[in-house]
Every structure is written in structure tokens, then in C-alpha cells.
Amino acid sequence: MKIEKCGWSEGLTSIKGNCHNFYTAISKDVTYKELKNLLNSKNIMLIDVREIWEILEYQKIPESINVPLDEVGEALQMNPRDFKEKYNEVKPSKSDS
């Protein structure tokens, strides 16, 4: 597996595998208040990777997009129309990072 710095976003690393390219950001813990402020500012796109049963049991995070973790790689490869149809949200673009 090859790990390299991505050219399109600071702080992201590309891990090139056989089928998909995955991108990870540097992990940063945020408080509830910080997250609430970020969501209110509209300067963040929060992808909630919990499973559907977790959303049903614990509720959806307001202003988040739910894409279960095992679907993230495939979801980010979808065309925008298919993403909108499946997740009922606008697909994030590389420039949103």
C-alpha cells in the first residue's frame, strides 16, 4: 500500500489500494460547543459514518450527512446525481475539503 500527500487539500493523505483511494484528515477532537458553532457557521460538512440502526436509536446529528462507514469509499466515487438519490444530500466535492 502506498501512502502519499494529496495535492488538492492540506492535511489529507491518500492511501492508494487496489480498488479505491481513501483520504483521511488529521484527527482533532472537538467539543459539542465547537461542533455546534462549526455547523452553525456553514463552514463544515459533517459526514456521520454511523450505521442506520445507530441513527434510529441515537438520532441524526443535525446538518450532517449519514453515509455508513462501509459505504464511504463507494459513495465518494458516485456521480452527484446517484449520491443525491441514495443519500438525499448533495455530494461533497474535493473543493469542500
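Glycine too: its Cβ is placed from the backbone N, Cα and C atoms.
So that you can see what the record holds, here are the features copied from Swiss-Prot:
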- 32-84: domain 'Rhodanese' (DOMAIN)
- Lys84: N6-succinyllysine (MOD_RES)
- For the domain 'Rhodanese' (32-84), the mean pLDDT of the predicted model: 90
- Task: Identify, in sequence order, the residues in the chain of Lys84 (N6-succinyllysine) that are 6 or more apart from it along the sequence and have a CB within less than 8 Å of its CB; answer 'none' if there are none.
- Result: Val90, Lys91
- Message: Going by DSSP assignments with H, G and I as helix and E and B as strand, what are the residue counts for the domain 'Rhodanese' (32-84)?
- Response: 31 helix, 6 strand, 16 coil
